[in-house]
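**Student:** Sending over a structure as structure tokens; questions will come in a sec.
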Amino acid sequence: FFVVSALKLRLPRRPAWRGAMLTKFETKSNRVKGLAFHSSRPWVLASLHNGVVQLWDFRMGTLIDRFDEHDGPVRGVCFHQSQPLFVTGGDDYKIKVWNYKLRRCLFSLLGHLDYIRTVQFHVEHPWIVSASDDQTIRIWNWQQRSCVSVLTGHNHYVMCAQFHVKDDLVLSASLDQTVRVWDIGGLRKKTLPETVTPEERSAMGPPMPDPAGSSPGGSLSSKLGKAIPNMKVEDLFGGNDATVKYVLEGHDRGVNWASFHSTLPLIVSGADDRQVKLWRMNETKAWEVDTLRGHINNVSCALFHPKQELIISNSEDKSIRVWDMSKRQGVQTFRREHDRFWILAVHQESNLLAAGHDGGMIVFKLERERPAFTPISGGVLFVKDRYVRSFDYGSGKDTALMSIRRSGNSGGPAVARSVHYNEQENMLLVCHDTDGGSYELYSVPRDGRSSDQSQECKRGAGSSAVFVARQRFAVLDKNRQILIKNFQNEVTKKCAPPHASTDCLFPVGTGMLLLRSEERISLFDVQQRKAVAELSTPAVKYVVWSPDNSHVALLSKHGVVIANKKLEQLCMVHETIRIKSGAWDGNEVFVYSTLNHIKYCLINGDSGIIRTLDVSGFPIAQFFRDACCCCACS
């Protein structure tokens with residue numbers, strides 16, 4: 001009965017980011033020292049300073065489980081890529097491997113002699129890497145429940161260690177002011193011989209004979225074997241299975257964090273010298289590329305964004321900073337009033353990040369991923385990757401109409417917040433949040449042919465802009481005045497809104513506007529310059545009119561209000577989780593999506609669930625006969 005298709009949104013790689021952080025989920029708890037996202041489920045693990053590990057569903061905002069077996073703070077936590085496992089490391093010197101389906105600890109790994117700072121599963125091999133205040137990094141085979149290598153060389157606390165996602169490398173950061181890159185190719189070949197490729201085997205050559213094997217005294221191995229039967233030479237003197245490849249020196253104080261880039265030969269580090277440093281490496285050497293300055297206290301963590309050319313860092317100065325990798329400068333700062341930040345985590349498959357601080361954690365996005373769209377005859381028009389595109393429901397064809405790349409000092413294209421289309425005149429209004437709100441008026445090519453060159457447009461300042469007549473549009477300016485303009489961007493009329501708190505305009509039709517103010521929505525007649533109807537409602541985010549304009553759905557964060565064209569309320573539906581968007585099926589059935597359901601609401605007040613969603617989406621159009629719904633993945 002119900003078919004869902006997706007307009008896949010690929011995040012563009014661009015040199016700068018200038019959006020607002022969008023908080024998706026927030027907790028209040030003891031200090032959060034470790035964070036980890038699940039690879040496929042909407043879950044995040046938080047390890048706390050009081051020894052508790054929390055498992056949260058950040059999409060639903062619910063606590064799934066809590067694990068409390070460590071004695072003291074838990075600083076490191078990590079999900080396994082495919083198994084129902086996670087690993088933790090704490091101040092009790094223990095590494096614990098847990099099964100979240102069985103809801104218990106499976107076993108502990110003992111060997112570290114001081115606090116354990118970080119733990120991480122390898123994405124392919126049955127390994128865990130751990131960093132400790134005992135100045136060592138250990139690599140464990142969690143299937144065999146044994147330590148396979150101890151990496152020594154740092155002479156102060158090792159604050160973090162991580163595997164490279166593809167190469168045989170480990171990265172570590174220490175309070176000895178260095179970052180080290182370790183080659184563990186020999187360890188893999190020695191302990192996991194089944195992973196050795198034919199090319200590697202041929203390059204290794206035949207095994208070397210023991211030159212002392214035929215001597216009367218025998219080899220050193222045989223001598224040690226008699227004296228210490230259970231001791232290997234490699235364990236005593238250190239083998240060549242894990243060696244230091246690079247030592248990166250440049251920080252003036254202890255280094256708290258270092259991270260690999262997932263695809264490029266880059267490293268980012270953050271230290272107590274308040275600096276974030278970018279490093280590059282090749283097969284023979286590694287060197288410092290640049291230093292990012294801006295934090296005013298110790299840098300706790302620094303990561304690469306997995307899909308954009310950005311670095312994200314946080315600090316004990318109570319801020320999260322976003323840096324442009326190519327320009328090497330800060331592009332955004334997010335601050336808390338009282339809480340120092342300690343840890344960052346990034347989701348590898350989406351635009352989600354998490355940050356742990358003194359009072360809990362936040363899960364957030366750097367920018368809106370929902371495309372600005374508007375329904376048109378037989379399809380939908382939307383903005384994606386700096387292009388205006390149209391999607392036809394019948395043919396399923398996605399067509400690029402024109403480019404809307406921006407020029408000037410904006411530092412790159414802004415994410416469109418809303419878009420409105422005048423089909424009679426082929427005019428398009430695109431609204432942005434930049435500079436306190438702005439709009440652009442475009443003429444859409446009538447032949448439907450796309451152009452890589454940016455279209456000329458009329459620009460102006462305003463918190464929102466919508467069409468109000470065939471050749472007029474309305475703008476709410478920074479002084480909360482309604483300006484009626486023609487397509488030459490000239491003001492033809494000014495109107496004072498009925499309420500000084502008016503902060504948004506929504507389209508209605510010729511000569512009418514919907515105005516949003518505190519806890520109400522007003523139907524405003526432009527000709528009479530007054531409100532002809534009002535309705536009390538929670539803050540409205542989206543307005544959707546039925547095809548014949550006889551009914552309107554007013555969507556807030558947790559509610560849907562259905563009213564007639566005179567703004568008389570017919571029914572209201574309340575949801576406990578966030579509402580994303582909705583569309584009309586005919587004139588009497590409204591279909592809307594929450595984070596995990598597609599639901600319906602009839603004008604008589606009946607409502608129910610149509611289906612459960614694995615991924616939250618935004619319905620654009622619902623047809624009763626065709627049972628078609630287009631979604632944009634969030």
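Glycine residues also receive a Cβ, built from the backbone N, Cα and C atoms like all the rest.
Look at TrEMBL and you will find 211-221 tagged as compositional bias 'Low complexity'. Taken from TrEMBL, the feature domain 'COPA/B second beta-propeller' covers 387-614. Summarising the annotation, TrEMBL assigns region 'Disordered' to 193-221. TrEMBL lists 25-66, 67-108, 109-150, 151-184, 248-289, 292-333 with the feature repeat 'WD'.
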**Student:** What same-chain residues lie close to the repeat 'WD' (248-289): Cβ under 8 Å, and 6 or more beyond its ends?
**Tutor:** 156-157, 159-160, 162, 164-165, 169, 171-181, 295-304, 306, 311, 313, 315, 317, 321, 323, 325, 328, 348
**Student:** Taking a Cβ cut-off under 8 Å, which residues six or more beyond the ends of the repeat 'WD' (109-150) line up next to it in the same chain?
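**Tutor:** Contacts with the repeat 'WD' (109-150): 34, 73, 75-81, 85, 87-91, 93-97, 156-163, 165, 170, 172, 174, 182, 184, 187-188, 191-192, 195, 241-242.
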**Student:** Kindly report the helix/strand/coil residue split of the repeat 'WD' (67-108) according to DSSP, in that order.
**Tutor:** 0 helix, 23 strand, 19 coil
**Student:** Taking every residue in the repeat 'WD' (151-184), what is their average pLDDT?
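**Tutor:** Reported value for the repeat 'WD' (151-184) is a mean pLDDT of 96.
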